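Read through the structure below, which is laid out as structure tokens, and then see the notes.
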Amino acid sequence: MKLKKQIRFYNKAMSRTALNELIRRLIDRFGMMCTSHILDQLKTLGFHQATDASFSLGIDDLLAAPSKWWLVKEEDQQGFFSEKQNLSGNLHTVETLRQLMERWHTTSEYLKEEMYPKFQLTNSFNPVYMMSFSGARGNKSQVHQLLGIRGLMSDPQGKIVDLPIQGNFQEGLSLTEYIISSYGARKGVVDTAVRTADAGYLTRRLVEVVQHIIVRKTDCGTTQGIFISPIQDRDRSKENVFLQKITGRVLADDVYINRRCIATRNQDISAGLANQFKNLLIQAISIRTPFTCKSLSWICQLCYGRSLSHNNLIELGEAVGIIAGQSIGEPGTQLTLRTFHTGGVFTGNIVGTIRAPFNGRIQFNSNLVYSTRTFFGHPAFICRKKLFIIIDDGGDKVDYSLLPTKSWVFVQNHQYVESEQLIGEFRTTTSLLKEKVLKYIYSELNGEMHWSTFVCHALKHTQGNAHFTFGAVHLWILSGGIYNPKVVLSFPFPKDQDQVTIAFLSTKQKNCFDPSVNLLQSNSVSFQNPKLEEEKLEEEKLEEEPDQSSISVPIFLENFNIQGKKQINRVLVPFFYAPKRKTKRKKRKNYPNCILKIPRSGFLHRNTTFCIWNDSQYKSPSPGFLEYSDSPEKFVLIPEEVHFFEKSSPIAIQNKSIIRADTQITAKKKSQVGGLVQIHKKKTKLVVKILPGYIDFYRKKNKKYWYKTFVSPRQNLGEDFLSEKNYFQTLNKPHRKKSFVLLRTAVEYKIPNPKEIKVPFCPDLLREEDNLHIQMSNCFYGDGGKKLQKGIQLIQTCLIFNWEQIDSTESETSISITSIRIKNIVINTIQFSLRKHSDSAWSQKKNQISSKRTFPPVLDKTQSFSLSGKIQLPSNYTATFRSLNNEKNMFLILSTSDCFRIHLFQTKKNDNIQNKSNPNKPINNHFVGFFGHLHSIENLYPSSHFLNYNKILFNKFCYNFNIFEIPNCYILDEFQKVLIYPRINHLWNPKKMRYRRYSKNRYPTMNLGQLLWENFAICKNESFSESGQIIAVREESLVVRLAKPYLATPKATIHGNFAEIINQGDPLITFFYERFKSSDITQGLPKVEQLAEAQSNNPVVQNIEENFRIWNQDMTRTFGSFWGLFISTKITMEQGRIHFVDQIQKVYQSQGVHICEKHIELIIRQMTSRVLVSDDVIFNVFLPGELIGLSRAQRIDRAFDEAIHYKTKLLGITKASFDTPSFISEASFQETARVLAKAAIQGRIDWLKGLKENVILSNIIPAGTGKKTNYSLFARRRRRKQNTKTRKNNLFSLNEK
């Protein structure tokens, strides 16, 4: 009867957790003996009930959820859509993986929650349901893998495998699913032998660190403790954690409530007292921990607290260090071996959602949000501050919601939302710890790499080829095969990215080249001129700065004859390009030099200089200055010799002296000419000028002598003096009455007539007075008297492109370049095409700059090239040649497998194509052709690229404009918009039509060189099947080069340079992204080992450094530099220890394992018990860099006057194992020879205070019953010392008497 009054009656199902709680309360109330009898009765009752029920588990008891298959099917469809988005470049690999994990986790959780209600409705006595629900065997996750889906698994490195297991153990797994499942299983294909060894090694290191810690004293006398507050933890799970932390501890200070003491110091905390603290909402209580124990190599009873075995204070002599190491290592071993753990995806419910309660229009402040991209690649907004959201249905219903800061908003302002539509997400709890992860993306194709904007062109590292992005950017790999012949090919092209059509012939065929091959359309004439490539020299620098608005291309030319004709509105100009060479060659012939100036926009306006002609005979042979004579057709160059020296250089000649040629100026410099010397200073340099010529002294001033004037050859200057093409200059000396003149030699140049200059262009182009024509004019270097240096071009002939302005419409000229080289034959062609701006729908905006590369025209005929090596390749290859690593014999071939052709209008219903025209009624408008050329069209269809499916009708009504029927066609142009007009019999005025009226029927622009994504719609019923680049446009089809787009987010790293050749499998992009730490210890305890070894990437180590910096700033301002540093160090170490314990505890708690924090604190205490000496102020005590105990450093610091400078050191468990008081224990752990040799040199003494060293030497261990023997041994030694001191004192006292 007494027993019934003391125990409450529980009328509920007893799960494993409830049974553990019952046993704990029975032990607290009745003790161990009575509790054992009660548990025996429960055991007998359980066996009887199991025998009467006769439950058995069969395969028929496994009931699968009926909704599994349609959920999996829907998931596959969403996965297919995400994969298409990834292939199109809208999502990158990380976002695709995140979407995959999120979808399958949602599906798995839905099936898991649906499983148990089904058991309750169908059969509540199902053996599987009762077994897992009661906690007797199995849990929800394990039953879910039996009946639902296995889900996503991780590989041996802990990364998620992106192929989910859709089957379960009831249905069976396929071979692929079994291989993936074995990664997370205990005995599969991937064996756990290595992981078992790692787990055992972790336990061994933990025991090695704390094996010497034994309870040897009741109280150490400390007054310090750590504070724990229950106010911070309001939810039930956190309250249970608070009770687990303080139960079994000892109070470090009295606890008061309203001046009434409810617990005293050194009182152990029972379960009842802990609940009382929780219910009374105590602010904070101070408890004793192993961190605050004063003992050196042991621990006292009160700092340890109660024993976990009998729930009383720990007994003296208990080896708590061994228990602590085993309690941490053994759960990790079990989890690693998958004894009671199943693999899966770690996730947490940390996101809350807000959905629309009804249909309505949403309103919020748009200034409080900014656009961003979610982790899954979806567009969204982020709240800068708290955001109020209002949903109004237009009637009486109004809903108000509040989103906290940093929440996601998935709708726009004033958007209409439907009921249950997702509006936003916010975090419901504190976010988990994150870690930075690198994700590498590799190329799937061979080809060229290209990107658009938002890529920094400066290299991330000087010695590397990595570029970082500052915005979302698409990276394209243009397909192409890399060809490396065994012999050196003889037809390298002069520039990269030139596209030609090549027929590879046999090696026996001779070089064949047809100069009359037509490069353009049927109504045009091509100019081609074969020329043997001359020897190249280094290009000389020009003094003028380059124009940033144009591209200057140096061209090396030779006079030759050109035959051909010019078409209206189109001009072709051939030229030859001379690349720069570093090696010096033989002296080249005196050929003119030409610089082609092409605007970056690709367009020329009227009266614009497009080419500068430099004749080498008009280059200054030496320094000097220019002077213009009286004749307008001549100018002269007065040469002089100039030298620059340092101010400290010794000069052997004097100023205003006259020297001869080869006179020594300095020790290493001689003059080349003779003449008058002029020396002056210029900033930090000394300038020495030698004016060549000769002096003429005269006594009487002759009026014919003029200062700085020209004199003609054989001119009489008086006194029978005749000049010979000299420059006349008088020089007066002030100290002499005589004067003299300096007659300097001048080089005379004749200004050429522009019409007489022999330029390499066709003479007909300069003489014909047509719409397009080229004008020539001379440009001089500068005014008279301007000084110049050697190699300056004195006269430049400028070629100006011009045309007649026919009407008020503005015009401009587009430029196209074609360059081909076969062996030593170089063919370069520039094409100028006149274009006009009109008001029609397909005209572009004025001065629009095309960002696309200018492509050469499509070749109408296939040119034949020959090889000098023995190579045979398939014919009709369209190749884009790119050199690799400066190796000329390697190039990129664009074969038919890298391209595909799209035929336009294949799906039209009307297949009766009529390509007719009415020659009697021409159209006076100008239409744009394929290659950006304007045509004045009289016969519409032969000269413009239209495909018509309806009869053509043209009627001319008046002079100002034309009205005609719109055919069912569209215009495709390199620069213009692509418009489609499907309506028939619609009359329109092209000069009055505006762009916005036809915006609904307009399709995206397609240009040559344009990059297009997969499923890009080119018309109503046509789309691209794969991503690629348009490389050719024909009347009936497009040729598209295969390409693969990759999306790179901001702060990503791109490996490689623009237009670089990439092989399949080469790294392209490196993503830096954050993911939540799973704290999974199933792969050899990586997280626990990372924390225990105190690695540099450990978040605890990083937080300690950051906290010290913050505390040091605050304490220094309050207490000064010295005390601030001391206090901040102490606070930082205490907080770091507590944070260390919390992190290790979270790892185990995530797997459902709880470890007593006292055991973790013992490990952390040993890891933080060493300091590093940083200064050798006290000699012969410690060496700089020596590791010593913290308590020892504090004792010596108090004993000496001068302070010891040291800093705290966080040691990993492996290094802490080599820094113990016993060298015998260290030698038995690792590196036996090194440890024993070092101990012998240092003369270390092992006092045999630990367990391990006594076991090695076969002594009685100082724990348990052996503690008395150890204590008596130390007591006898202490009494001997005292007796020795007493005898010595008595002896001294007798001698004094």
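Each Cβ is built from the backbone N, Cα and C atoms, and glycine gets one as well.
Quantities reported herein were computed from a predicted structural model and do not represent experimental measurements.
Checking the candidates C220, C383 against Swiss-Prot: the one annotated together with C293, C300, C303 at the Zn(2+) site is C220. In the three-state DSSP reading, C303 (Zn(2+) binding site) counts as helix. With every protein chain in view, the residue among the binding-site residues C220, C293 whose Cβ has the most Cβ partners within 10 Å turns out to be C293. Counting every protein chain shown, the Cβ of C300 (Zn(2+) binding site) has 22 other Cβ atoms within 10 Å. Cβ neighbour count for C303 (Zn(2+) binding site): 28 (other Cβ atoms within 10 Å of its Cβ, all protein chains included).
A Cβ within 8 Å of the Cβ centre of C220, C293, C300, C303, the residues given for Zn(2+), is found for these other residues of the same chain: K217, D219, T222, R288, P290, T292, K294, S295, I299, Q301, L302, Y304.
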